[in-house]
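**Q** I grabbed these lines from TrEMBL:
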- 6-22: transmembrane segment (TRANSMEM)
- 34-52: transmembrane segment (TRANSMEM)
- 161-179: transmembrane segment (TRANSMEM)
- 191-211: transmembrane segment (TRANSMEM)
- 241-260: transmembrane segment (TRANSMEM)
- 281-307: transmembrane segment (TRANSMEM)
- 327-355: transmembrane segment (TRANSMEM)
- 376-397: transmembrane segment (TRANSMEM)
- 434-453: transmembrane segment (TRANSMEM)
- 459-481: transmembrane segment (TRANSMEM)
- 501-522: transmembrane segment (TRANSMEM)
- 534-552: transmembrane segment (TRANSMEM)
Amino acid sequence: MFLTIVSFLVVTGIVALISWYRTKNDDLSTSKGYFLAGRGLSGLVIGCSMVLTSLSTEQLIGVNANSYAGNFSIIAWTVQSVVPLCFLALYLLPKYIRNGYTTIPEFFESRFDRQTRLIMSGLFLVFYLFIVIPTALYTGAIAFNKIFNLETVFGLTYGQSITYTVIAIGIVGAIYAIFGGLKAVAVSDTLNAVILVIAALLVPIFALVYLGNGSFSEGIHIITTQHVEKFNAIGGPKDAVPWPAMFTGILIVNFFYWTTNQAIVQRALGARDLKAGQKGILIAALFLLLLPIILNLPGLLSFHIIGEGERMDASYPLLVNRVLPTALQGFFIAALFGAILSTFNSFLNSAATIYCKDLLPSITKKQFSDKELITYAKKVSAVMAVITMIIGPLLMFGTDGIFLLTKRFAGFVNIPIVALFAVGLFNKTVSGRAAKTALLLHVILYFSIVWVFNVKVNFVYVMATLFVFDVVLMLLLGLVWKREPYVENKENYANVDLTNWEYAPLVVASLVLGLITLYTLLSPLGLASIDGNPLLVLGVYAILQIVVLFVFGRKRI
């Protein structure tokens, strides 16, 4: 335990020290400096920060929990994000940067009206304060509790250990977000991303050695010959993600999360130029494509090592505690702590950005100086941090797996946002009145279907159906409630270079091919059946990748 604590404190302290050193001379006295890191972020920093912001303990614990209890169908929530990220890089980011947006709700005002912007801002805040941030705190507390055995060491009840850990994580994370702005968050994210990748890879490596009684290759042999059906990413009707959901609700939710989510997109908005933003987004997409190694494989290994019967959300921490050496557990928990902090402080910073840039001027009817806005942002961040620290421990009373529970609640927010965004993007005459009416009906219908009538249909199908309903309703109402055709801005309000990255199409094509190959590999054609042939799948991929290089890269090589 002593070595675990020491290694944890050393790694965490080094990250904090480097983050302080890299940002101590930054100008945080302007809105651009505090909220957008002075529009000076590089592609690597953007990519690492985007991934780590999304990769919280909700994913590490929740996704692995579903792989432990079921199969690999849950990967749809992560790897399919490659598609919206490619869309963001090639199509949306140039529009965002050209318009000089600081927040995504600014788009809703320019396309619909100010009221729509305020409603969207409110939805984002609800989503962050009551779903995303408390979940990150709670799942982080679970991991700390299991790895450090806090209940036994300090003689606490489960509820007490979770509550105290949530408060401790919240205080440290708030310090980053409040006093460092986006730059401090992004720099610490980059460092923590590298540490997390190394630490998270150690878990399946040591688990395979443990499973094979000291032999890594024997561990590989066991998981590829026993219970191979758990590799299957093509879900059946009773799996966490039935295969039709991959092309309906989940794809829509992923488009929300990766193309309109303030906490994610804000990093790309802080890019030093369009090329850096596109590089960062596509780096993030590559990371996401490889995430099953650390988000799903440990869940499968937990099934083989721990066996059935454990509480699913406890399976990953139990695996870490069993297979990692004591000294490395401290390194791992420091990496996990970095992921928790990243999600917490990133969403806290974005929530404060939305409040100060979108809501505060409308509430007070005043124009604020940069100094006043930043002062408000720090105060609001502190209040929001306290709120999320109160809500976090309450999640222990949920009965479902924490990952799917949060996704179910998110349907109130993410579907109407992406529906309004899609209509606003591809239609020029639907008015704000039509958009707000559709939004209100969505909330009523989603609550009624999922909770009041408890319809026995997978909630992702409900999301997909309501997305179509929202879009069709807006288009129909738009025939009656029209606005003057929306004219898209062509000026460069951000004053940064808007030249596209010349290799972006090649990288996008390679990523899409990689996604298709991954699903083929994790199917009965590959690893999910004794009769599968994974080597053939990889061979076909190699040939097709050469074709992609020839088609998209021959003019650039």
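Note: Cβ is positioned from N, Cα and C throughout, glycine not excepted.
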**Q** Going along the chain, which residues at least six beyond the ends of the transmembrane segment (434-453) come within the CB cut-off of under 8 Å?
**A** 112, 115-116, 119, 408, 411-412, 415-416, 419-420, 423-424, 459, 462-463, 466, 469-470, 473-474, 477-478, 480-481
**Q** By Cβ distance under 8 Å, which residues at least 6 away from the ends of the transmembrane segment (376-397) in the same chain are close to it?
**A** 34-35, 128-130, 133-135, 137-138, 141, 158-159, 162-163, 166-167, 170-171, 173-174, 177-179, 344, 348-349, 351-353, 355-356, 360, 368, 405
**Q** Are there at least 3 C-beta pairs under 8 angstroms linking the transmembrane segment (327-355) and the transmembrane segment (161-179), leaving out pairs fewer than 6 apart in sequence?
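**A** Yes; at least 3 Cβ pairs under 8 Å.
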**Q** When you check the transmembrane segment (191-211) against the transmembrane segment (281-307), do you get at least 3 Cβ pairs under 8 Å, counting only pairs 6 or more apart in sequence?
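**A** The transmembrane segment (281-307) and the transmembrane segment (191-211): touching, yes.
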**Q** Are the transmembrane segment (327-355) and the transmembrane segment (501-522) close enough to be called in contact, which here means at least 3 C-beta pairs under 8 A that are separated by 6 or more residues?
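**A** Between the transmembrane segment (501-522) and the transmembrane segment (327-355), which are separate recorded stretches, there is no contact, as judged by 3 or more close Cβ pairs.
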**Q** Sort out the residues at least 6 away from either end of the transmembrane segment (241-260), same chain, that have Cβ-Cβ distances under 8 Å to it, and list them.
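**A** Non-local partners: 54, 73-74, 76-77, 80-81, 83-85, 87-88, 92, 104, 234-235, 407, 410-411, 414-415, 417-418, 421, 458-464, 467.
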**Q** Sort out the residues at least 6 away from either end of the transmembrane segment (281-307), same chain, that have Cβ-Cβ distances under 8 Å to it, and list them.
**A** 43-44, 46-48, 50-51, 55, 59-60, 63-68, 72, 74-75, 78-79, 81-82, 85-86, 88-89, 93, 197, 200-201, 203-204, 207-208, 210-211, 219, 222-223, 226-227, 230-231, 268, 315-316, 318-319, 322-323, 504, 507-508, 511, 514-515, 518, 522
**Q** Please give the sequence-distant neighbours of the transmembrane segment (501-522): residues at least 6 beyond its ends with Cβ less than 8 Å from one of its Cβ atoms.
**A** 72, 75, 79-80, 82-83, 86, 89-90, 231-234, 274-275, 278-279, 282, 285-286, 289, 292, 528, 534, 537-538, 540-541, 544-545, 548-549, 551-553, 556
